[in-house]
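What Swiss-Prot records for this protein:
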| type | residues | note |
| --- | --- | --- |
| BINDING | Ser9, Lys41, Leu73, Arg87 | substrate binding site |
| BINDING | Ser9, Phe10, His17, Gly88, Leu89, Arg90, Glu98, Tyr123, Thr124, Phe125, Ile126, Ser127, Ser128, Ser129 | ATP binding site |
| SITE | His17 | site 'Transition state stabilizer' |
Amino acid sequence: MKLAVYPGSFDPVTNGHIDILEKSSKIFDEIIVAVIHNVTKKALFSLDERVKLIEESTRHLNNVRVDAFSGLLANYLADKQACAIIRGLRTVTDFEYEMHMAMMNKKLIPNIDTMFFMSDSQYTFISSSAVKEAALLGGDVGSLVPAVVKAGLEEKMLNDG
């Protein structure tokens, strides 16, 4: 079985992330969306909230499941016996950063490859940071994120903003 891991903070998950999952789910038998718990980053959504939002946003993808982890990605990949890391690319800037990360991961875990998937052109400008900023300033992010995420952002803005 070909198992791949799509790691990220996903704060929040965007339509760009879902696009990458839809593409990669056609290639791998199973994909784990590995939500990173990074104590050095201040997240808008809690780890549990991010996991739930991704689960709800990927219900249509039968071979995708969601998990949370902290620590070194290499250790997580070895534990899950993954064969690949999934990464999405929007622009050349993404490629440069992701290539460095792929090389580092290859050094740490030589038997695992990084697979790059190009974002659909309609998603190249979407980032979680931009979505959060737009939502915080009252922008309509409905075309940028799954409906459940839009609702979650609106709730956050009402309760926290």
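Quick reminder: no glycine exception, Cβ is built from N, Cα and C everywhere.
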Span of the ATP site, taken as the largest CA to CA distance across Ser9, Phe10, His17, Gly88, Leu89, Arg90, Glu98, Tyr123, Thr124, Phe125, Ile126, Ser127, Ser128, Ser129 (Å, rounded to a whole number): 18
Rounded Cα separation (Å) that holds between Ser128 (ATP binding site) and Lys41 (substrate binding site): 13
DSSP three-state assignment (helix, strand or coil) for Glu98 (ATP binding site): helix
Glu98 (ATP binding site) versus binding-site residues Lys41, Leu73, Arg87 - nearest by Cα: Arg87
Fewest Cβ neighbours within 10 Å, where candidates are the binding-site residues His17, Lys41: Lys41
For Thr124 (ATP binding site), the one of Ser9, Lys41, Leu73, Arg87 that lies nearest, given that the binding-site residues are compared by Cα: Arg87
Surrounding CB atoms that lie within 10 Å of the CB of Ile126 (ATP binding site), all protein chains: 21
